[in-house]
Each structure stands twice: as C-alpha cells, then as structure tokens.
Amino acid sequence: MGLEKSLILFSLLVLVLGWVQPSLGRKPSVQDFKRQHMDPDSPPNSRPTYCNQMMKRRGMTKGSCKRVNTFVHESWATVKAICSQRQMTCKTSSRNNCHKSSSPLHITDCRLKGSSKYPNCDYTTTNSQKHIIIACEGNPLVPVHYDASV
C-alpha cells in the first residue's frame, strides 16, 4: 500500500513539473519587447556610439550580431496604448495582430554595418520620428513584437 501511494505521488509530481518547468526561465514576450525596443529614459541623440552601446547592453550581440533593431524613446504607456488602435495585417508577416501608432514617435534605428562581423558588432545610428507598427497579444493586449516603422 505504501509503495502504491509513493508511485501515485511521484507520478503527480512528474506531471506537475512537466507543466511548470517549460515556463521556468522563459521570459514573457512583453519582457523581450521591453528589453529589445524600449528606451524611454534616453532622448533620441545623434551619438554614433548609441547603437553599439545599447545593442551590447541589451544582449543583442551575444553569439551573433542582430542585423536591425529599433529603440523607442517614449513611455511604456504610450507604446502600450498603440495596442488599442485599429488592428491591421503586419508588414513583416501575414499575421493580423498588428497596430499602427496614431502619431509619429521618437525612435532610433540601429543597422549592422556591412563590414561588421561578430564579435565586433558595429552599428549605424539613425534618429527619426515615425509611426511604428507593433504586434500585440494577450488580454489585455500588450506589445510583443516590433514590426516596422513607417
């Protein structure tokens, strides 16, 4: 009887760990979005080293150089509010969960220079004000993917 109870408890433990374990160590997509694209505390600036520093600081040059990335210099509330705009088809995929900002936002585009190779990732820094298109998911909707600038 004791062995039977132990086997049942062990089976339940394995089952519970099977459900819980995949979510351990995996960041929610909204956290990835914030890490990769949000920089509300820095105004856009023309420092040519901005992208090199930020891409490294935010972990986008580990193992390889991320080719393109955009930082948004607006509050999280402003960016999150874009999710309440009209839904549209994304520019970079056929998904239909994208939303376009109603006004231009301050952004910095970082593009890997053609001659740059890992581990010496070297980026061009371009500041502008553009509408952004983001993918939103969840309930309530939150940004999970930066799709495009227009």
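Each Cβ is built from the backbone N, Cα and C atoms, and glycine gets one as well.
Record features (Swiss-Prot):
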SIGNAL    1-25  signal peptide
BINDING   Arg35, Lys66, Arg67, Val68, Asn69, Thr70, Lys91, Arg111  substrate binding site
ACT_SITE  His37  active site, proton acceptor
ACT_SITE  His145  active site, proton donor
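Each of the recorded positions Arg35, His37, Lys66, Lys91 was ranked by the number of other C-beta atoms within 10 Å, and first place falls to His37. Each of the recorded positions Arg67, Arg111, His145 was scored by the number of other CB atoms within 10 Å of its CB, and the largest score is that of His145. Using a 10 Å Cα-Cα cut-off around His145 (active site, proton donor), the recorded positions Arg35, His37, Lys66, Lys91 reduce to His37. Across the fold, the C-alpha of the residue listed as 'active site, proton acceptor' and the C-alpha of Thr70 (substrate binding site) stand 6 Å from each other. Asn69 (substrate binding site) counts 19 other C-beta atoms within 10 Å of its own C-beta, drawing on all protein chains shown. Lys91 (substrate binding site) falls within neither a helix nor a strand when secondary structure is assigned with DSSP, and so counts as coil. Within the same chain, residues at least six positions away from Thr70 (substrate binding site) with a Cβ under 8 Å of its Cβ are His37, Ile107, Thr108, Asp109, Cys110, Ile132, Tyr146, Ser149.
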